[in-house]
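A.B. asks: Sharing a structure here in structure tokens format.
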Amino acid sequence: MLLRWHSVIPLFLAMTVAFPNTYRTVVEDLPAIPEGWVQGNPPSPETSVRMNLAVGQQNTRTFEQIVLDISTPGHRNYGKHLSRRDLKGLLRPRRETSNLILSWLEKSGVPKRSIVDDGDWIHFVISISQAERMLQTRFYHFHDVQDPGISMIRTLKYSVPSRLARHVYMIQPTTKFGKPKKHANSIANLQAIYLSTNATENCNATITPRCLRELYKMGDYVAKPDCRNVIGVSGYLDQYARYSDFYKFLELYAPEMKGANFSVAHIGNGQNLQNSTRNSIEASLDIEYALGLSNASAVFYTTSGRGPLVPDLDQPEQEHNSNEPYLDQLHYLLSLPQEALPAVLSTSYGENEQSVPERFSHATCNLFAQLGARGVSVIFSSGDSGVGSSCLTNDKKKITRFNPTFPASCPFVTSVGATFKINPERATGFSSGGFSDRHSRPGYQNDAVQHYLDKLGDRWKGLYNPKGRGIPDVSAQGANFAIYDHGKVIIVSGTSASAPAFAAIIANLNAIRLRANKPVLGYLNPFIYGKGREGFTDIVHGGSKGCVGYSSTNRSTPAVPYASWNATEGWDPVTGVGTPNFRILAKIVQHME
């Protein structure tokens, strides 16, 4: 039997009586069950869960400044990316901090053999009954309203002994309910259109790799595969990249890339089934354009979702197969030696920022920064809900608010919005953007974003955070992409298309730098807002939409008449600084120190 959110209040009141907070500090506390989820029954007490504990860091600002220095052209440390050993040494907490946490875990009954001390993170496997005693909480199955077959074992609140409060920043999976969404268009409601394979190419109607090459001044440039220049593509939610579809796409739309291929990395029992009948439009789109434009070496990182599970110590039961994919993928990547890391990572998934617990968003953003420190360009699509979909806060206040997206709102990723049409390009109505409510505006954005805010004036005052990190950073075509999936040509739209297209251009720029014996670009944003700015074409037409009175789940929500971020001269929160001009960017990066 499923329980609506208002039914669980007595349960959690009873829980606080059973577990008094004497000498304990609450780490995370959700005001209610997040929208779209209902509570079910408690899990079996013997159910095992794999927990990730983020250790409180004392030198976060110092670390972030190091990342900025490494990534800012002209700085004496530019391009001096850190090795895994150097990064771990920089972030490792004091020994007494680790000892306190490890002692608490062992005294709480966590099997010593299951504990992995990775410095700034500690991972361990524990039963539900032990976790409930240790965190003084109750776990339940929570079910997705739209897809009741999807469930997660979660809680709304947990605490730790007060003596550990400053050492334990976060423990997950506990309060993180949201699941990444594929960034497929949700405002214009474009449907997949099936075409014949000999459709005439018209770049105003259908985008192909050749269209992007012409539009972004790439010409016939084809990079030579280089093991130092790997482009990674993220795969979540049982999206499978099919080799047969990929080869056919190259034959149809990028014959100059014949021979290109990709390998697969399986994270947390993630699979890449070649004969599945499931929709794989997202995976096909991402891998086909990442490689169809770059010819780089490529890896498809498939992270476990709802597919079949092969039990192991970390995931002994099918019902445990609800791990947080961002954390699983990030910890996997950061564990790799330098030579095995991708130089570019493209991800076309995200969720509303407010659906993510605040500590989770900061801890995850720190992991993205760690990838940047090691020389990875982390690229995310900005989302497909324009200024916002529900436009309502999910706290007790329930006020009208534009909805920024995460992880696009993290200052250490490069977020990509969407354009359409050519001569001129225009901002699409669905391209997400705005200003983070969690992450403050980074210094590299100050001039560009403030210029926009000065022109905006009081319009939309109170609906966004003018001091927040601006989204997106850049943009690229995102409408009417031809892909090949399940033996058919399909037309798809969304910032899901923009991200791999932009990532491919970055991979090509990396190839130019490596040929000149220079390091890869790594974390991009200081470059984009600095020396690279002249390599982007400003988009001044079009604008985003949103807040139309109903959410993506068709629930009634506040409407904001004419809500929009307009594309204007300079940076704007729908197209960023603009779309890339490869010819100019290539000249800049070739000699950049």
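Cβ coordinates are placed from backbone N, Cα and C, and glycine is handled just like the others.
Swiss-Prot lists 1-18 with the feature signal peptide, giving sequence analysis as the kind of evidence. What Swiss-Prot lists as N-linked glycosylation site is Asn204, Asn261, Asn275, Asn295, Asn554, Asn566, and the listing cites sequence analysis. Residues or ranges marked as domain 'Peptidase S53' in Swiss-Prot: 206-592. Taken from Swiss-Prot, the feature active site, charge relay system applies to Glu282, Asp286, Ser496, supported by similarity to another entry. The Ca(2+) binding site annotation in Swiss-Prot covers Asp538, Ile539, Gly570, Asp572, and the record cites similarity to another entry as its basis.
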A.B. asks: Around Asn566 (N-linked glycosylation site), which residues of its chain at least 6 apart sit with Cβ under 8 Å of its Cβ?
C.D. replies: Ala427, Gly542, Gly543, Asp572, Val574
A.B. asks: Closest of the recorded positions to Asp538 (Ca(2+) binding site), Cα to Cα, picking from Glu282, Ser496, Asn554?
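C.D. replies: So, of the listed recorded positions, the one sitting closest to Asp538 (Ca(2+) binding site) is Ser496.
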A.B. asks: Across all the protein chains here, work out how many other Cβ atoms are within 10 Å of the Cβ of Ser496 (active site, charge relay system).
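C.D. replies: Its Cβ has 30 other Cβ atoms within 10 Å.
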A.B. asks: Between the recorded positions Glu282, Asp286, Ser496, Ile539, Gly570, which lies closest to Asn204 (N-linked glycosylation site), Cα to Cα?
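C.D. replies: Spatially nearest to Asn204 (N-linked glycosylation site) by Cα position is Ile539.
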A.B. asks: Between the Cα atoms of Ser496 (active site, charge relay system) and Glu282 (active site, charge relay system), what distance do you get, rounded to the nearest Å?
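C.D. replies: Each residue's Cα considered, Ser496 (active site, charge relay system) and Glu282 (active site, charge relay system) end up 7 Å apart.
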A.B. asks: With the Ca(2+) site defined by Asp538, Ile539, Gly570, Asp572, which remaining residues of that chain have Cβ atoms positioned within 8 Å of the Cβ centroid?
C.D. replies: Val540, Ala567, Thr568, Glu569, Trp571, Thr575, Gly576, Val577, Gly578
A.B. asks: Summarise the model confidence on the domain 'Peptidase S53' (206-592) as a single mean pLDDT, whole number.
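C.D. replies: That stretch averages a pLDDT of 91.
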A.B. asks: Tell me the coarse DSSP state (helix, strand, coil) of Glu282 (active site, charge relay system).
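C.D. replies: Glu282 (active site, charge relay system) sits in a helix per DSSP.
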A.B. asks: Please report how many Å separate the Cα atom of Asn275 (N-linked glycosylation site) from that of Glu282 (active site, charge relay system), as a whole number.
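C.D. replies: Their Cα atoms are separated by 16 Å.
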A.B. asks: Just counting, how many other CB atoms are there within 10 A of the CB of Gly570 (Ca(2+) binding site)?
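C.D. replies: I count 15 other Cβ atoms within 10 Å of it.
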A.B. asks: Counting across all protein chains shown, how many other Cβ atoms sit within 10 Å of the Cβ of Asn275 (N-linked glycosylation site)?
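C.D. replies: I get 7 for this one.
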A.B. asks: Anything within 10 Å of Asn261 (N-linked glycosylation site)? Look among the recorded positions Asp286, Asn295, Ile539, Asn554, Gly570, comparing CA atoms, and list what you find.
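C.D. replies: Candidates kept after distance check: Asn295.
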A.B. asks: Using only C-alpha positions, which one of Glu282, Asn295, Ile539, Gly570 is spatially nearest Asn554 (N-linked glycosylation site)? These are the recorded positions in the record.
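C.D. replies: So, of the listed recorded positions, the one sitting closest to Asn554 (N-linked glycosylation site) is Glu282.
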A.B. asks: How many other Cβ atoms are found within 10 Å of the Cβ atom of Asp572 (Ca(2+) binding site), counting all protein chains shown?
C.D. replies: 30
A.B. asks: If you compare CA-to-CA distances from Ile539 (Ca(2+) binding site) to each of the recorded positions Glu282, Asp286, Asn295, which comes out shortest?
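C.D. replies: Its closest listed neighbour, by Cα, is Asp286.
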